[in-house]
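What follows is a set of notes on a single structure, which appears directly below.
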Amino acid sequence: MSEHQSLPAPEASTEVRVAIVGVGNCASSLVQGVEYYYNADDTSTVPGLMHVRFGPYHVRDVKFVAAFDVDAKKVGFDLSDAIFASENNTIKIADVAPTNVIVQRGPTLDGIGKYYADTIELSDAEPVDVVQALKEAKVDVLVSYLPVGSEEADKFYAQCAIDAGVAFVNALPVFIASDPVWAKKFTDARVPIVGDDIKSQVGATITHRVLAKLFEDRGVQLDRTMQLNVGGNMDFLNMLERERLESKKISKTQAVTSNLKREFKTKDVHIGPSDHVGWLDDRKWAYVRLEGRAFGDVPLNLEYKLEVWDSPNSAGVIIDAVRAAKIAKDRGIGGPVIPASAYLMKSPPEQLPDDIARAQLEEFIIG
């Protein structure tokens, strides 16, 4: 387990001040979701939330105080408008009043692939000093929602979080929390990180992972498996550029296979995005097949299709990741937050069985 470095805890505020990098569909669902659940009863089980109140923080305690993007239709606009602008096409679940948070121009770096570049217009505004912007907004947690393949850009924002003393939630498959060098940077700086690569509430990865483990636990030899995903959002369009996919395929594959005892040949496990289908909008369809052998080596195959709205499915997990990062910051913890990362992320520094990871997260919440 990665070491946590603890300091005397600073005085905790009653809110979680969040900055967002990448005002796309996932950001849209998160911002709308905070509004949607603003008056949720924290004494009841509420559909769509694992925790109405996560430690001391209710969903409504999440406040958006800064945002960064490169899209000309988002930069310079209020966050409440930007989340519905340009190519954003997720389902609308709530009206969002003006936030008085103006989306700022971040550096582009490698954040825009060729399909993005053909689709959106880049803002001609000068990139801001991100570290200074984080400090001025008194940000507690920075959430990175950059496009898949944004290796340089994601690490740039991770360093900005360290320099500004801001907790970091790494929602994309760039290996930062799970990279010992970066984990040490966060630990040494006494800055918490939750990562890498967000799991959905009930998505292709978590269902595939659970069913593969079920095969193993029930004595069925899993011989081969595949997972194909199609969707109509900018994430899937971006992933048509296969050069940007390496870390995504690794992350999704190890999220499934790391839960199993046996090793698989590369050809026997195929997990990854398949294609972009524009009319699906922000919906994702996953096709999953598991082939195994049961009693007497008799074939046993399982095939299913999962249909989800991709971004709300992610937001239901990010809302907990953000609050976990804030609790770690309140407690003076630096480095990877293992319980939150193991339960909420595909590629945490330490892979744990889901039941153990969940139990550890509940213990972490209690403190």
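Just so it is clear, glycine is given a Cβ too, placed from its N, Cα and C backbone atoms.
As written in Swiss-Prot, here are the features:
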- D78, A137, Y157, S200, D235, K248: NAD(+) binding site (BINDING)
- S2: N-acetylserine (MOD_RES)
Cβ-Cβ neighbours of S200 (NAD(+) binding site) (radius 10 Å): 23
Proximal but sequence-remote residues of the same chain as Y157 (NAD(+) binding site) (Cβ under 8 Å, at least 6 apart): V21, F68, G106, V130, L142, S144, L146, F168
Of D78, D235 (the binding-site residues), the residue whose Cβ has the fewest other Cβ atoms within 10 Å: D78
Set of same-chain residues at least 6 away whose C-beta sits under 8 angstroms from K248 (NAD(+) binding site): V148, G149, P173, D197, M239, G272, P273
Set of same-chain residues at least 6 away whose C-beta sits under 8 angstroms from A137 (NAD(+) binding site): R17, A19, V65, A66
